[in-house]
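What TrEMBL records for 56-169 is domain 'Yip1'. Annotation comment: TrEMBL describes 62-81, 87-110, 122-145, 151-170 as transmembrane segment.
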């Protein structure tokens with residue numbers, strides 16, 4: 001009976017006859033986490049996207065970019081020397097968000113048709129490959145410490161992030 005109620009509730013949400021205020025908090029959190037995961041998958045494979053997938057990314061949220069930015073900040077602050085860990089965390093957090101805002105304002109001033117929050121959302125999600133690179137370098141530092149391998153990993157993450165952001169900002 002509970003499954004039928006949940007399915008009916010999801011259908012009501014799609015039809016617009018109910019609000020998310022009527023659903024349990026656990027359902028809301030799980031639904032939001034599924035949406036964040038779907039958007040991260042889109043960013044990880046930015047080529048050959050259908051219009052349905054691109055539309056999903058246009059439904060902006062700031063939870064995913066916040067989680068990606070927090071994870072990147074935590075990983076980079078964990079690898080920083082002890083006395084500067086909090087400074088690294090704050091610097092990464094501020095640079096990511098103000099960088100997204102600056103790029104968004106630039107796109108708006110150049111006549112872009114994407115909304116402010118859509119752009120910030122897309123750029124926030126596009127930082128995810130850099131976050132994966134940071135995680136890879138963090139794990140690699142326990143196994144083998146070679147600056148050239150880390151540089152290659154970060155370079156791949158940078159190119160991946162740049163490519164994903166260009167694909168979505170052009171749309």
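The backbone N, Cα and C atoms fix where each Cβ goes, and this holds for glycine too.
Owing to the predicted nature of the structure, the values given are computational and were not obtained by experimental measurement.
Taking Cβ pairs closer than 8 Å, the transmembrane segment (151-170) reaches residues 43-44, 46-47, 49, 54, 57, 107, 112, 114, 119, 122-123, 125-130, 132-134, 136-137, 140 in its own chain, all 6 or more past its ends. With DSSP states grouped into helix (H, G, I), strand (E, B) and coil, the domain 'Yip1' (56-169) comes out at 97 helix, 0 strand, 17 coil.
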